[in-house]
Amino acid sequence: MALPDPHSHRDDTQPTVEHLSWDVRADFDSRVLDAVAELRLAGARPGPLDLDTRDLEITSVTAGDAELAWELGAPDPVMGSRLRIELPEGAGTVRIAYRTSPGSTALQWCLPEQTADGTHPFLYSQCQTIHARSMVPIQDTPAVRFSYEATLRVPAELTALMSATTTSVSTSGDEGVYGFRQDQTMPSYLLALAVGRLDGKEIGPRSIVWAEPSVLEAAAWEFAEVEEMVTTAEDILGPYAWGRVDLLVLPPSYPYGGMENPQLIFLTPTLITGDRSLVALLAHEIAHAWTGNLVTAASLDHFWVNEGFTIYAEREITSRMVGRDLTELQAAVGRSDLEKDLHYLADRPELTCLRLRLNGVDPDVASSYVALEKGYLFLRAIAESVGADRFRRFLRDYLDTFRFRALTGEDVVAYARAELSEAVDYDEWLFGTGLPDDAPTIVSPLLDAVRAVGQTVPDEETAGRWSADEWQAYLAGLRAPLPAELMEELDARFGLTTSANQEILRLWLLVALRSGYRPAVPATIDLLGRVGRLKFLKPLYDALADDPETRELAEECFARNGGRYHPIATTVITARLAKAAQAAQGEQSA
Ligand SMILES: [Zn+2]
């Protein structure tokens with residue numbers, strides 16, 4: 001096979017990038033990176049080298065003193081442009097000078113007013129899924145791993161961080177010059193940078209939390225359990241391989257809950273609630289240091305290999321830290337999120353398989369809870385079949401056997417077959433659509449108690465004892481549309497429309513919008529103007545757009561805020577609003 005990854009131009013018969021030396025100036029005025037990428041190649045030999053790029057302006061390609069012939073292919077909307085370089089005899093390193101575009105899909109250049117403090121601009125990258133190529137010309141496939149070093153030049157008043165060790169900090173004129181080194185090999189989607197007015201605070205022996213000054217103290221308190229989480233993870237998964245476990249709280253427009261960038265986990269500020277009720281997501285990002293960063297899905301067709309294993313590991317960690325009942329509740333909420341996505345994807349059943357075939361499909365638009373929660377249920381089904389202890393040993397062996405390698409789902413299943421024999425119907429789980437009939441059911445006494453309240457208003461004594469997880473399970477279990485009186489009573493009693501816990505707020509607004517509870521509309525519009533996290537944007541825009549009375553509001557809200565979201569979020573919401581408009585048109589003409 002020459003092109004094994006449907007989202008990359010990398011040809012596996014060509015040399016492979018093994019090290020990146022990157023010299024970058026971040027120009028906040030023109031919103032571009034002015035950069036030189038030097039790629040050291042393994043297996044270098046004369047002939048073509050194909051790299052992935054998107055919207056890069058290449059100025060020169062050289063090897064030593066020699067100018068090399070290169071050609072940039074026509075841009076494909078999903079894949080970007082292939083950069084083909086003709087390697088001469090003896091060229092083990094190529095040097096590419098280029099500039100990114102202001103529309104780079106990996107980068108968000110935030111204006112000061114888009115940050116928490118509102119005083120300085122902020123730049124951050126998000127390379128997963130296939131956006132590293134809009135920041136650096138590279139073999140942008142998780143099947144290729146490389147180490148890197150970087151020099152990042154930024155305005156002197158800002159701080160620069162990367163998914164790497166900071167090796168030097170100096171100033172030169174009005175520029176701060178930062179040196180970084182990542183000695184472990186990692187796939188391109190884990191390349192990450194952030195530049196902003198940032199302060200750091202030590203919260204553990206190997207952890208600093210970085211955040212804008214106004215957010216720092218709250219962030220330090222919220223994530224203070226980081227070391228306990230890492231040691232718990234080590235106990236389950238083996239020694240932590242990446243040195244430091246620093247955390248970075250991003251501006252509100254950050255499109256994800258978190259991103260497992262090595263040595264520097266990116267986190268959404270929506271996790272900061274003041275009661276540590278949402279820190280399971282930090283456990284998730286920590287678990288990725290093993291499942292994903294060490295053993296990596298070979299392409300986005302196998303994304304569950306990263307995410308299913310990580311959800312499984314996350315729940316092993318939280319089980320030990322907060323107990324099994326709360327973890328089972330989280331699993332139940334996860335299952336209800338999955339079922340909503342399976343329903344949403346009813347017209348695209350192929351996207352409900354674990355084994356995806358995403359040729360020509362934008363992986364961000366195709367992404368759903370299937371990889372996470374169906375992947376989790378698959379592993380849980382195996383664990384229930386072979387017993388928890390045996391599965392725990394299997395997980396450790398799997399991580400030891402495949403560290404620093406990329407796997408397909410078929411590879412995982414072959415290994416499971418060899419180690420655990422036919423524990424479940426592997427092929428049905430891997431290739432089948434939807435959920436197998438015998439998928440694990442999740443029960444816990446806490447969940448039963450919440451379910452007993454059902455579609456009614458809980459009394460204040462009961463709900464007063466509920467944790468944030470129980471509230472989420474209750475709200476996720478409400479079946480809209482619900483009567484107006486019930487919604488009013490719930491809101492009057494528990495102030496849900498003004499909840500400070502944004503997960504509770506999200507679930508409440510969803511059921512409220514789908515029940516036609518009007519006070520939820522301005523609260524939703526307000527939330528969509530404040531956050532950029534896709535987990536919030538996707539269902540809330542859907543709910544507004546599905547209702548003829550608020551469809552236009554959804555369009556207006558997106559027109560107003562779309563430019564403030566991360567480019568990935570803008571692409572995803574554009575596609576979802578188009579789908580809703582199409583459905584509405586279908587209804588009209590039917
Ligand atoms: Zn994940």
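Note: Cβ is positioned from N, Cα and C throughout, glycine not excepted.
In TrEMBL, annotation is done automatically, which means it is predicted and not curated.
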Out of E307, E328, which is the one TrEMBL records at the Zn(2+) site of H284, H288?
E307
Going by DSSP, give the three-state secondary structure for H284 (Zn(2+) binding site).
helix
Can you tell me which of these binding-site residues sit near ligand 1, meaning the Cβ is under 6 Å from at least one of its atoms: Q126, Q128, Y256, G258, E307, L534?
E307
Determine, for the Zn(2+) site, the additional residues of the same chain whose CB lies within 8 Å of the mean position of the CB atoms of H284, H288, E307; present them in sequence order.
E260, E285, A287, T291, G292, N306, F309, T310, I311, A313, E314, L372
Please list, in sequence order, the residues in the chain of G258 (peptide binding site) that are at least six apart in sequence and whose C-beta is under 8 Å away from its C-beta.
I265, F266, L267, T268, L271, L281, L282, H284, E285
Neighbourhood of Q126 (peptide binding site), C-beta criterion under 8 angstroms, separation at least six
A106, Q108, A192, Y254, P255, Y256, M259, F266, H566, I568
Tell me the coarse DSSP state (helix, strand, coil) of G258 (peptide binding site).
strand
